[in-house]
Amino acid sequence: MADIEKQLLQQQTRPPDGVTHTGSNSPLEIKVEKSGTGTPDEDSAQQNKKVKSPLFARRKPAKEKKLSSDGKAGGTTDDDIKPVAITALFRFATRFEIFLDIIGLICAAAGGAGLPLMTLIFGNLVTAFVNFTTVALTGDPALIAPAADNFRHVSAQDALWIVLIGIGMYIVTHAYMWIWTYTGEVNAKRVRERYLAAVLRQDVAFFDNLGAGEVATRIQTDTHLIQQGTSEKIPLIMTFVAAFITGFIIAYVRSWRLALACTAVIPCIGITGAVMNHFISIFMQRSLKAVADGGTLAEEAISTIRTAKAFGTQHILSALYDTHVQRAHNADMKAAVSLGGGLACFFFIGYNAYALAFYYGTTLVLFGIGNVGIVVNVLLAIMIGSFSLAQMAPEMQAVSNARGAAAKLFATIDRVPTIDSASTEGKKLDNVEGRISLEHVSFNYPSRPEVRVLNDLTIHFEAGKTAALVGASGSGKSTVVALVERFYDPLQGGVQLDGHDLRELNVSWLRSQIGFVAQEPTLFATSVRQNVEHGLTGTPLENLSPQEKLALVKEACVKANADSFISKLPEGYETNVGQAGLLMSGGQKQRIAIARAIVSNPKVLLLDEATSALDTQSEGIVQNALDKASQGRTTITIAHRLSTIRRANQIYVMGEGRVLEHGTHNELLSNKEGAYSSLVSAQKLRERRDGQQDDKEDGVDDQAEKLEGPLMTDAEAQAAAEAEIPLQRTGTAFSIGSEITKQRRQEGLLPDQQVDKTYGFPYLFRRIGAINLSALKFYAFGSIFAIGFGMIYPVFGIVYGITLQSFATNTGSALRHAGNMNALYFFIIAIAASVCGGGMNSLFGVAATHLTAKLRSISFSSIMKQDISWFDEDRHSTGALTANLSDYPQKISGLGGVTLGTILQSATTVVGGAIVGLCYGWKLALVGIACVPFVIGSGWIRLQVVVMKDEKNKAAHEESAQLACEVAGAIRTVASLTREKAACREYSDSLEIPLRRSNRNSIYSTALYALSQTLGFFTIALVFWYGSRLVASQEYDTQRFFICLMSVTFGAMQAGNVFTFVPDISSAKSSASSIINLIDSEPEINADSTEGKKLTDVKGQITFHDVHFRYPTRPGVRVLRDLSIQVNPGQTVAICGPSGCGKSTTVQLIERFYDPLAGGVSFDGVPITELNVGEYRKHIAIVSQEPTLYSGSIRFNILLGANKAAEEVTKDELEEVCRDANILDFIHSLPDGFDTEVGSKGTSLSGGQKQRIAIARALIRNPKVLLLDEATSALDSQSEHVVQEALDTAARGRTTIEIAHRLSTIQNADRIYYIAEGKVTEEGTHDELLRMRGGYYELVQLQALSRADMA
């Protein structure tokens, strides 16, 4: 029964379960040395020196903080959270599930008792064999014949008992494995659901320091750890405990003296296991923390891939990610060595136990206290019991990991925020007027407690009236909205609704009374109809029939001027908007968001730059709708574009967290020196030139006449909405784009036709091995140790047979001498097993850590090298990629590490054992070898079942993880819509399919697993029965029989035990296939390629030649058709037009994010498809419509734009671009200056501040071509005026292409292109276009703003 130790070796060589990526609920405590700091004098002396702060110093230097999960200082980190109790893991289980689990534990206990009980039979058989051999050696036929008959009878009876025990083992093993697999799946589903529900109930401050990628990682990986620790691991622990208790009871009953001597093994095993697990746990925690940091960085980088591509920062971000990977690698290396050292001690102790038992057992036999059968029985019973404790180590590690992961998840689940959207407490007013007051409010954001945002602010918003907030960026306008929504509570003072403090009202009810449209609209990856229906959540209208809901949705979309373009989409209201609404233009997204806000007819409407993303014509239409929607409800509008708020009942001008002045538009303009007057002056379009007075009079008179009324009348709004023809073919009978798309579909090149390849193990081993070639030396030496370790068992079988034979052939001093020599042989085997086993595990473990690190690094680099169209595909969503980035490499390393070594070791054992068996007794060996296919076959079938289950469930779990990531990333939108419960329901539904599939497949897989675990019993019974016949006929002796039994039969059992690793192998196969597909995925537009021309003398000329374009993921929707634009070097060209006309698409084509379907884009006369992508983009800088910053310092974010190394950028250069972007004074006003942390995606800064940093990032690039895609849309008028002047200056000597809805920013352009329906319909200068009296002229009329217009 020495296979028990073998099982131990296999179990112990598995990496600790759950060594996977887990995130962190709290920001990690990170120390970074602050560089380049000194006194003001020192700093001024270094003005012309290079900036010393390294680019990779992303975290805030010098200051070391611990933040709690709500972002406040002084909280606890993950290290402070203690693991939960084991019973707490089942806190969400039902009574019935607990009842099933108890039944499963009883079955597991019965299964655990099976092996110790078999030692009784084994001992009896050994006694029978030895006794018969003793008789046979006498040579007396009269004694041999009856002895042989009795021997056959006893052996057959004992073999039958072994078969019966095997049948019982099959039944109980199948029962407990299926029960716990089922309850584990259900429990993990509930934990996932409750964690997401808990995350969504948290206040917004909680998310200021929590990335959406971390939520996805926790909900995918940490819950998997809990599932591992609450599935089959618990009953397996019970089987080991039962084996321990049963084994020791049997041993002490049979021979308490020998049992007492063998018990010395226990403390040795216990101490070794405790020390090993202690060190492994320490190193694993360090590894998990490093991977968590990497996951947050990965989520930021992938979600902002366009910015990374535009600035060529993918290599910098990859290097940053590699620093986290290296930290994890260092910790994993130490864990691998600790594991190898601990297992070496286990093997030494285990084989030495045989030496002790047979040495002392020989003594007992000589004293007549026992026989060889009792010695073997006691030894095996003690060994089974003792090593059962050691076998628990990996299972206990899995439970320990589950307890640790549960502690982090449960801490969030149990966290009750101050502002609790899930609470039923608080008043719900019967009648809401909509009167809102802020009384002496002071406020700091929890993530930036040192910066005061609002300072003793008092504002009163009258019920049913429209109020507007204007002012500089960072003045606190959006903060007021956040306080009204009760995203935060003020530090001092209070916010009231109809005289009731918001803290007294029910949070969910309050938000259901408010319609909210944010500055950057967030849509969910579902249909247009469902996105708008989200606005009904939490209101009485939520329970209407689908038909009634659709009617409300259409009514809201008509009001928001969205019905026209929605109706003309390929699937109308059922059209999917894509992840975060990426398949819609900015204006389309905003109008859908507005429809969502007004669909429930809320009493309060909050518009935070609600029309900032709209072109002027659409803005006029939507503003007209909002003006009507505002009637009868309190409306608070934040606007930098003053034309949208001039008819507000009250305008509040804010600055430095206070109200500077307030009044109506006319009242504020009467104060010529006032802040509002300066804002208005900054936004006025310049007057016509003096030499064109006649045209000027016509234009201005018309403008005055036009603007005496509303921005757009109801009739004009309706006519404009009906005239809108978004992105569809008109006026042509033949479409080039359609033909090309049709051809690409026939060739299978469209994104929705791409399917990942599935590879076999030989190919995967070859590819993964090539990646980990540098670890070849570890694999080589590890393989030598594995082969040596594999031969330990056959050699052990030879010594075992010799030992038992010595009891039959020797007595007295000869037996004593033989006992001493046998003990010496076992001691030598113990030394060899220790060296080979420890070396194998350490070397393969180290090789696995190299593989994990390389796969993580290569996977991230491969993701970052893909072109933009790849990220547009649903299956490549941010959440799925982030979760897989941490999960897949770990699964592969499980197979490429100690699992691989164990497979090699087991193969050696099988082959070596078969050879030894054939040499000593070929007949019996052949019977044992004949059983090998049955043992291997059952395990192989189970492998196929599990692989199929994993492959089917993988996509479903990725989808659910993406859903969780999406809602967590849009928490403000979810909270304002009170969609928490609805989002949780959707998430729960997404988990149902994998749950049902898993439950269905587990019935078969656990049955086959049970069969593979019990076929060994049947094989042993067969070999004993047949062997007894051979021995009875004196064809074999005891020695040859036991050598064949131990070497061949138990060697065959090792093949079945290899399939203990089936979950590791199956998950590794699917994960490896996914990573190989990722690595082999070559983008059509490869920024890392060295191919292509590199221009030396760049002038900056850009030309569009008859460009036709459709987005790859929306081939049915035309975006550009026959577009031609000429931009000469040094020229400033503006592009304007309605939302969805293709303006932003032109910028993406210039950046070569996509290639046109037909036509082309040229740079200095050379088609950009012929240029080296990376070098080409170095000549271009972009400032996008929605600014993207990374978690790190302001310095880090600006230097990302530099074309040269960060250390080569001087302090003067850095400050100069910040001064040009009008952000330098703000940076200097911060306590940490350039080293100030911007927060996750820049959440610590206002929209205007983020945009200005983005502008500085573009300017530091000193580009030949400057692309401004709504570059100033987030700035207040005053800042916009200053930044626009800076941009005008920066545009000198370089080509500038500007996209703008606010025409005051582009009036000085050398040429303006007006695009409609995907092509240029007007072009010329500002004055030339005005004279045309066409579409541009209408836009100018709508944006004119002066007091005379309001008269």
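Glycine residues also receive a Cβ, built from the backbone N, Cα and C atoms like all the rest.
Annotation source TrEMBL lists region 'Disordered' at 1-75.
What TrEMBL records for 49-63 is compositional bias 'Basic residues'.
Per TrEMBL, the feature transmembrane segment maps to 98-122 (among others).
According to TrEMBL, the feature domain 'ABC transmembrane type-1' maps to 102-401 (among others).
The transmembrane segment annotation in TrEMBL covers 159-180 (among others).
Annotation comment: TrEMBL describes 234-252 (among others) as transmembrane segment. Proximity of distant same-chain residues to the transmembrane segment (234-252), defined by a Cβ-Cβ separation under 8 Å and at least 6 residues beyond the stretch ends, is recorded for 101, 104-105, 107-113, 115-117, 119-120, 176-177, 179-180, 258-260, 262-263, 377-378, 381-386, 388-389, 391-392, 395-396, 399.
Remote same-chain partners of the transmembrane segment (258-280), defined as residues 6 or more beyond its termini with a Cβ less than 8 Å from a stretch Cβ, comprise 16, 248, 251-252, 334-335, 338-339, 341-343, 345-346, 349-350, 353, 356-357, 360-361, 364, 370, 374-375, 378-379, 381-383, 386-387, 389-390, 393, 396-397, 400. If you look up TrEMBL, you'll see 258-280 (among others) marked as transmembrane segment.
Residues or ranges marked as transmembrane segment by TrEMBL: 336-360 (among others). Long-range contacts of the transmembrane segment (336-360) within the same chain: residues 2, 5, 8-9, 12-13, 15-16, 258, 261-262, 264-265, 268-269, 272-273, 275-277, 279-280, 283, 375, 378-379, 382-383, 386-387, 390, 796, 803, 819-820, 822-827, 829-831, 833-835, 837-843, 845-846, 848-849, 897-898, each at least 6 residues beyond the stretch ends and with a Cβ under 8 Å from a Cβ of the stretch.
The annotation transmembrane segment is assigned in TrEMBL to 366-390 (among others). Beyond the ends of the transmembrane segment (366-390), by six or more residues, the same chain brings 1-2, 4-5, 7-8, 12, 112, 115-116, 119-120, 122-128, 130, 239-241, 243-248, 250-251, 254-255, 257-259, 262-263, 265-266, 269-270, 273, 346, 350, 353-354, 357-358, 804, 807-808, 812, 815-816 to within a C-beta distance below 8 angstroms of the stretch.
Per TrEMBL, the feature domain 'ABC transporter' maps to 436-681 (among others).
If you look up TrEMBL, you'll see 776-803 (among others) marked as transmembrane segment. Within its own chain, the transmembrane segment (776-803) has Cβ neighbours under 8 Å at 2, 6, 9, 351, 358, 818, 822, 825-826, 829, 832-833, 835-837, 839-840, 843-844, 846-847, 850, 900-902, 904-909, 912-913, 915-916, 920, 1038-1043, 1045-1047, 1050-1051, 1054, counting only residues six or more beyond its boundaries.
The domain 'ABC transmembrane type-1' annotation in TrEMBL covers 780-1067 (among others).
What TrEMBL records for 823-848 (among others) is transmembrane segment.
Per TrEMBL, transmembrane segment is recorded for 895-918 (among others).
Residues or ranges marked as transmembrane segment in TrEMBL: 924-943 (among others).
Marked as transmembrane segment by TrEMBL: 1006-1028 (among others).
By the Cβ criterion (distance under 8 Å, sequence gap of 6 or more), the transmembrane segment (1006-1028) is counted as touching the transmembrane segment (159-180), at least 3 such pairs being found. Here the transmembrane segment (823-848) does not touch the transmembrane segment (159-180). Their Cβ atoms form fewer than 3 pairs under 8 Å, with each pair 6 or more residues apart.
In the predicted model, the domain 'ABC transporter' (1102-1342) has a mean pLDDT of 83.
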